[in-house]
Amino acid sequence: MGRPIEVRTAAPAAVPAVHDAQAATTGDVQAVLAGLLADLLGVERVPADSHFFEDLGADSMVMARFCARVRKRPDLPAVSMRDVYQHPTVSGLATALAPVPAPRPPTGAPVETELAAVLAEVLHVDSVPVDSHVFDDLGADSMVMARFCARVRKRPDLPSVSMRDVYAHPTVRGLATVLGAPPPAPAPAAAPVAAAPASTLRCGLVGSLQVLVFLGYLYAAAVVADLGVDWISGGGDLVSQYLRAVAFGAMTLGGTAITPVVAKWVLIGRWRPQDFPVWSLAYVRFWVVKTLVRSSPLLLFFGGSPLHVLYLRALGARIGRGVTILAKQVPVATDLLTIGDDTVIRRESAFPCYRAHAGLIQTGPVTIGRDVLVGEATVLDIDTCIGDGAQLGLRSTLQRGQTVPAGEHWHGNPAQPTEVDYSVLPPAPCGTRRRAVYSLMQVLSVVLVTLPLGIGGISVLLVLWPGIGTLLDAGPLAFTDPSFYLHAAGISAVLFAGGLLLGLLAATTVPRVLDLGIRPDRVYPLYGFHWALHRGISRLTNRKFLTGLLGDSSYIVHYLRWIGYDLSEVVQTGSNFGTNVTHESPYHVTVGTGTMVADGLTVVNADFSATSFRVSRASIAPRSFLGNGIIYPPQSRMGENCLLATKVQLPIEGPVRENVGLLGSPAFEIPRSVERDSTFDHHSSAEELPGRLAAKNRYNLRTMGLFLLLRWSSYLGITLIGLAAAQLHHSMGAVSIFTAEVGALLFTVVLGVLVERANLRFGRLRPQFCSIYDPYFWWHERYWKLMWNPALFNGTPMKGFMWRLVGVRVGRRLFDDGADIPERTLVTIGDDCTLNALTWLQAHSQEDGAFKSDTITLGSGVTLGPSAWTHYGVTLGDGAVLAADSFLMKGEEIPPGGHWGGNPARALPETPVAPPARADRPTAPPPRTGAPTPVSSSGGPHPAAARALTRALQ
């Protein structure tokens, strides 16, 4: 086992204490920018026209530090990474960000003349005809017009202009006519909302209540299991026992489905827009309901089906007819969710109707009209609205207060108008009868097959296992008999190895038969025979255990081929795919030669409407690199030799991109690679690669062996605890089952923490920059495979304690609603921080053959929004906020109190925005006619505030 090693990169040159500030104040921004960059690069001077990446050899980390230093200079304009990629020379950057000339004295000139003058300055021409189309006649593009809008907004004598206004009125005269009225006086900015820090005592009391509630739930489950075991075992013959198992399974399924609904109405009543502090009694009620709602077996067995929609209606959601919800994450404040008829919400989307912010839980409405398409991996923050017939594209986000008008198409983060059509699928017959019949068949299959097999499978194994019955009847003396432990080892080995082999066999054989009934590019109705075939293929071939075992090694490519991937001619790197690769259908995925995938690839090669679906081939071009969290649609316009950055939104229209990188949502082009990424190319040479690859394969085999040993050890421990409970069941009844539940939980926690810390030799990781053929990287891949997941403790004070056990430097009173931290010992979190669900703090990056890692530092009182993602080398100052689904790029620094958002994240302007009006709930259900869904000032986001926020974010 390798050990972490010291950083091998040189420290950056120190920044001189004195800069030519006078140059900046006299307008020579270019000279000061060049001086700052020269300091970072350790050179005497930087030519103003030299390309940052191609000529100067800088990389994204260097340029992130450059942006941070520029932002600290009050005499310089703020610079973001998007600006750097769009203007990759000092001269271009200085020109694009040059201070806007002081406002002209009032002369009575009309708005039209002033707008034309600003546009002429942006276009670097003498004059602009007021009737010329800005795109077709003047040759401007969206970036030019975005700068135009920004400059107009800085003019207090001109009305504010947004990109939406430009697209709607693409001439100066048209804009002046619509916006010619004097701008209203700005309203005072809304004060930031934050809770007073809770005391450690109150935090501990809330945690104690949560523990008691959890133990009570476990005991109730033990009592039910005890009654079921006694009743089923007293059935006599096998048929009678099966019938009793069916009845018990049906009652248990019904009870676990009804319990969250009853708990919600008893403990909460109707959800209302409100703010309440975490670590309070109100939060305990919220946590109980959230835990029960999201752990219901209905979601495991019937997620994505009409029963899913029925479950949400029972919880208070207002959902119209013909709605299809494929997203797995269930909203919590369900009374605040309104969805109109015939709407489809695709997979991986999140619309929880609540968020954690600065020590508060905030609930707010999410309103979705009729005939709406919500794309894959979208995030809808609270107080958001999508009008009738609108579309929100994949990998997009509606930040709080944003509204998509009826009939419009939006995408990006923050979402903005687009002409892209994401609805590419015609409808198919799928009425209420079809949905009801499919739901009934689902229930029957679970009640008659799945549950009886699960209930009786282990019992049959114990009955058939030779000698186990006699041993369990021996009383307490059984624990002193060595054969007791040998039997436990044998049973756990059979369960573990048998499950592994059966899973592999099921993934590689049965789906091939099912796929015979699915024709690519053919439209099928939902909730019928073909839908059942498709769902079966997806469930059987998406095996997280197998990709977790084989990922980050040479053996993952063989497994993906076995389940149906077309990998062309594989160029073996030893890390072709990560440990998390999912798809809709593996039989329609093509990956080109020489392409590498970091982790978190989701191939969405099936399109969905509210009534139909279609499977299509998704082709990933050769010689490309895909970063983390990629949602890959079949319509992707990615060509050969591309780099896809983390969380990028892939374009599905326009020209095919080749030999470039794509970053952000919506995506824009960046360099494919920089000089530093080729530092280790010699390891891939024909002379050196075979030996290093063979050594990596041997190391990976040992890692896979340790992975299997750890998982089997967990099975063995739980089997021993289960057999002990079975031996004591006759005398202790439900108490023995309850004790076994608690014992298994404690054993799993202790084993996971001990293995992870021992793998680090109880030390800490250090920042790295190395090749994927360096033994350190092989060890780091082992570290990932042997990590323990503390997700069970989400939303409790114990989550912070668990993070400390595995090496995270955590302050007091951390609220963690479901964050993930791959490199635990590289992360520091201050006091009173708030981490939302699906937040990632990823302190590493892999790009082609290079691996990099660095620290992540969160100050006190920091809030990371739902699904927010921070990269390595970042620092967030005290009280900083990163908005929902944002991607904070490597090396960025958010100053104390800063509010950043977007993909990639940048500082959000201090634009005065009235807070959205709140209401108890929408005043009317979604309309059944063709009229637009009303959004009243009392039932959703305030229209003026939403428009202002959208303009500010854009």
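Every residue, even glycine, has its Cβ placed from backbone N, Cα and C.
For the domain 'Carrier' (24-101), DSSP puts the residue distribution at 40 helix, 0 strand, 38 coil. Among the features that TrEMBL reports, domain 'Carrier' is placed at 24-101 (among others).
Annotated domain 'Carrier' per TrEMBL: 106-183 (among others), in sequence order. Mean pLDDT across the domain 'Carrier' (106-183) comes to 73 in this model.
Beyond its flanks by at least six residues, the transmembrane segment (211-233) meets 241, 244-245, 248, 252, 255, 284, 288, 455-456, 459, 729, 733-735, 737-738, 741-742, 798 of its own chain at Cβ-Cβ distances under 8 Å. For 211-233 (among others), the entry in TrEMBL reads transmembrane segment.
Residues or ranges marked as transmembrane segment by TrEMBL: 245-267 (among others). Remote same-chain residues near the transmembrane segment (245-267) are listed as 224, 228, 231-232, 285, 288-289, 292-293, 296-298, 301, 311, 314-316, 334, 446-448, 451-452, 454-456 (criterion: CB distance under 8 Å, separation of at least six residues from the stretch ends).
According to TrEMBL, the transmembrane segment annotation covers 443-465 (among others). Distant neighbours of the transmembrane segment (443-465): 228, 232-233, 241-242, 245-246, 248-250, 252-253, 301-302, 307, 487, 490-491, 494-495, 726; these residues of the same chain sit at least 6 beyond its ends, with a Cβ under 8 Å from one of its Cβ atoms.
What TrEMBL records for 485-510 (among others) is transmembrane segment.
Using a Cβ-Cβ cut-off under 8 Å and counting only residues 6 or more beyond its ends in the same chain, the transmembrane segment (706-726) has close neighbours at 462, 468, 472, 479, 484-485, 487-489, 491-493, 495-496, 545, 548-549, 736-737, 739-740, 743-744, 747-748, 751, 755, 782, 785-786. Taken from TrEMBL, the feature transmembrane segment applies to 706-726 (among others).
Sequence annotations record features per position, and here TrEMBL assigns transmembrane segment to 732-755 (among others).
Among the features that TrEMBL reports, region 'Disordered' is placed at 894-954.
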